[in-house]
Structure formats: C-alpha cells, structure tokens
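Report on the following structure.
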C-alpha cells in the first residue's frame, strides 16, 4: 500500500513531485531500465499524479493499458543509451537483446522485454510441436524421418487429411505430423524454429500457439473448400501463418525495426517460402504415385498466409496490449469464425450436392 504521507486520503494516486522524490531516494536500488520507464511515466503524465496500480504493474512486470497510454502521451524520457549499445552482456543477455530487436519496433518495448524476460517458461510450444511432428512420429513410429508421397504408408495412416475421411475431425489438425518429402520437412523445420521460437519468446506460447493452430485449421479447411479432391500433409499452414505475420509486422513498422540485415532476412524468408510453395504447386499437378488420389494440395499454404496477415498481424503488433481491447482483433476473429462455419457447412452439404467424384478411401 502507499505510505500515508504520500497518499493521506487513500485515493490510489501519488503526485508526480512526490513520485520523483521517491525515485531519487531509491533509484539506485532499481534496475536502470525500470527506472527509465518510471521516469518516462512521470514525465508523460499531464495530470500531475501517478496511479499506484501502474507502479505496482511495472514493478511486478505487468503492463496495463493505462500504463501504455501514459507512456504514449507527451514526450517520453529516453535519455540513456539504446539497448543495442549496452556492453558487458553475457551470451544469454545478448541473445535476449537480439530477439528484442528482431521482433519489437519500439525501443521502450525492447527495453521492457529485455528487463522482464526470464526464460520461464521457455518457448516450449514451438520446440515441442517440432519434436513431436518431425521426430517422434516420422522417425520412431514409421521408422522413417520423412514420409515420402511414394511410401506405401503415405495414405494408410490416421493422420493426414483425406477428402473421403473428412468426417474424422482430428485429421484437420493432425495432418501437420506428416510431410511430403525431405524438402518439405526441412524448409518447414527451418522456418518454424528460426521464426517461431523468437516470436514465442516475446509474445508467449498462448498467442503464438493460437496463430499457429488457426493457420493449421484454416489450411485444411481451405483445401476442403477450394481443392476438394486432394489430401493435405505438412505444417505449412501454421508455419506460413507465423512467418507472414512476422514479415507483415516488419513492413508495417519498417522504420522502427532495428534488426540487422532486415531486407536480406526478408528476402531469404520470401525465397524459402516461394520455393516451398512452388514445389507444392508442382507436386500437386504431378502424376500421382497412387492414382486416382492426387498429390497433396498447396491451398493450406494460402490459408496460413491469410491467417498470418489478419489475426497474426494484430497479435504480434500489440505486444503490450490485451487482445480483447482491439477492434480489429474482433473484426478479423469474426471473419475467421465465419469462414470456419462456412467451411464446416460446405463439408457437410457441398460434396453431396455437387456430386463430386472423390478418390477412394485409403
């Protein structure tokens, strides 16, 4: 609680003058980055008082909307050197700083993240999904590290999405555990780890897993609507959702992003995505090893990209704000839900109404 001498009326506020005196008295006991943000909070407040809850949120590494608005108002006090100029950092500290500059466009947010990140919990989601999808199943269960589309077990498993088995709802998710060749597997692993792990370190497992799973579901549903006869394998829907959201966030905050060689990095990511997408398109129209069932569809890639540049951009752009406060978040979420509902009804009724001839079940 506030000391009675600073808040005698128990209003929950303290004057900026008294707040500054406290900072001057105890500033040496605080982390320099936290002290800088506290001074920015005092400088930017035009009402002459500081909300005690904002102070508690800061000291407990929690950000609030009122705190963010206070920082955004007026001129922020950022007189010390940039985080990039800090010296004498350990290897782990340099890694955290690198991740901050790779993903966050504002210096004050980079300093906040650098100060508050504890690696607890670690980026477990992306690492776990990679190990489970690409090692345990392909390597242990099938005794193969990659399941080629010419392999006898390609269609005869319970994981890939097949149009004849679309009533088995789990296949709309579990198809990510299989890949159509070593190139497909390798590019997805590289993009998933190089982009997904840093994003999860900054934005947390909840947000990143939401974008990833939303991209996976959108990918399989897009195949069921736009390429109705084809199966689908691979985690490209989820991977493309993360990568496209990250790239769009860099473009939208181009001047603020201080990551090294950002243009080269974007070019490499786009080349990898284009190569893998082009390979998927070529494979889709290549003669199948198991006619009449065609090779896997490429529409999952496009579904992931659409999720990334809508839901993903909103999530990654608003690092310190709650999602439910974002108008665009609700708009894009509504569009996504409408698409999912449309795809569900399409799968229930359209196949029979169109009298489509599907490949036989495996």
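Even glycines carry a Cβ here, placed using N, Cα and C.
Of all Cβ atoms in the shown protein chains, 33 besides its own fall within 10 Å of the Cβ of residue 236 (active site, nucleophile). Per TrEMBL, active site, nucleophile is recorded for 236.
The Cβ neighbour count for residue 301 (active site), using a 10 Å radius and every protein chain shown, is 25. If you look up TrEMBL, you'll see 301 marked as active site.
Looking just at the domain 'EF-hand' (5-29), the mean pLDDT is 69. Taken from TrEMBL, the feature domain 'EF-hand' applies to 5-29.
Positions annotated as transmembrane segment by TrEMBL: 124-147 (among others).
Marked as transmembrane segment by TrEMBL: 208-226 (among others).
Within the chain carrying the transmembrane segment (263-285), a Cβ under 8 angstroms from the stretch's Cβ atoms is held by residues 149, 180-181, 183-184, 187-188, 190-191, 195, 227, 230, 236, 240, 243, 247, 250-251, 294-298, 301, all 6 or more beyond its ends. Per TrEMBL, transmembrane segment is recorded for 263-285 (among others).
Below 8 angstroms of C-beta separation, residues 103, 199, 203, 207, 210-211, 214-216, 218-223, 226-227, 230-232, 234, 236-246, 248-249, 252, 273, 276-277, 280-281, 283-284, 323, 326, 328-329, 332-333, 335-336 of the same chain, each at least six residues beyond the ends of the transmembrane segment (297-316), sit close to that stretch. Taken from TrEMBL, the feature transmembrane segment covers 297-316 (among others).
TrEMBL lists 328-354 (among others) with the feature transmembrane segment. For the transmembrane segment (328-354), the list of distant contacts is 163, 166, 214, 217-218, 221-222, 224-225, 228, 307, 310-311, 314-315: same-chain residues at least six beyond its ends, Cβ to Cβ under 8 Å.
Taking the Cα atom of each, residue 236 (active site, nucleophile) and residue 301 (active site) are about 6 angstrom apart.
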